[in-house]
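The next block holds one structure in the form of structure tokens; read it before the comments.
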């Protein structure tokens, strides 16, 4: 088992990664408030890991309530925030309770937001069971739900008490979900770490085979990269925005197609190759660098084309992106592999050209 700290002063918390740690009550104990616990999970994860976590909590003499949501992006809704709050109120849970998010990014995001708003804030623990959640969404305190007009438009920055990532849970992760998580892994190499990107190029076969040593490196390296960035810019006032590489295009794809058609990592993968293309059109990166980025995403088995929809549809969703300022879309682009830049100075014609170049079945 390895641990690292997200250094945020009084809001600092540990990230624990290892095998079999879902059953380690000693890791959970320091992160729990004195009151009861509610485990929020989904219909896919509950049959696999809920009983193990319940036994861990029982060993700590913690009464626990289980809230099982339908699996899928559609569960990230205000209706389910009401559902969670209603269950907690009906059970008499007060401000001394702790919520445990057992699942992937959807469960983590909605549980964190529920914790942020229930009785003006209660403690919560992230217990990620997908690669994407382990390397990205469980770390950093971004919580929220979707709105029909945009992804993650209703939410809060609210840090967990701990992240406890049992890598044994990846054994049951479907291949598509596993590859989706690798999009965020590639992102860290692109924005911050050229050496890590090169390592991924050389070792992607081992990662896709889920070889333990390769997986361990991927998870720990990604968590450290994100923890370092979050520690320097918790509320995304500047630097932290680079973590959104591929997300401006990606969120537009998710919203335009209806949440659920694309996994988040799949949309981000398309968004990253689009961002690389836009960077090349603006002479920020060389064509050879764009080719390397495309090749790695493709080698990972992730999609590289968006569905053919009117360009205006995509642009409409991009304008309501949270990074937009004064109605102007801001992009995270690349100045080479391992270096990102935040800019709102992008010619509209270049955005349209990129969208058209990466749409399936012709251009809209």
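Cβ from N, Cα, C; glycine included.
The record from Swiss-Prot ties 105, 106, 107, 108, 109, 129, 130, 151 to NAD(+), and of the options 142, 187 it ties 142 to that site too. Listed by Swiss-Prot as binding Zn(2+) are 247, 264; the candidate from 184, 201, 211, 325 that the record includes in that site is 184.
With residue 107 (NAD(+) binding site) as the anchor, the candidate binding-site residues are 184, 247, 264, and the one with the nearest CA is 264.
Within the same chain, the residues at least 6 positions away from residue 247 (Zn(2+) binding site) whose Cβ sits under 8 Å from its Cβ are 268, 271, 321, 332, listed in sequence order. For the pair residue 105 (NAD(+) binding site) and residue 264 (Zn(2+) binding site), the C-alpha distance works out to 9 angstrom.
DSSP classifies residue 130 (NAD(+) binding site) as coil under the three-state reduction.
Cβ contacts within 10 Å of residue 184 (Zn(2+) binding site), excluding its own Cβ and spanning all protein chains shown: 27.
Residue 109 (NAD(+) binding site) and residue 184 (Zn(2+) binding site) have their C-alpha atoms 16 Å apart, to the nearest angstrom.
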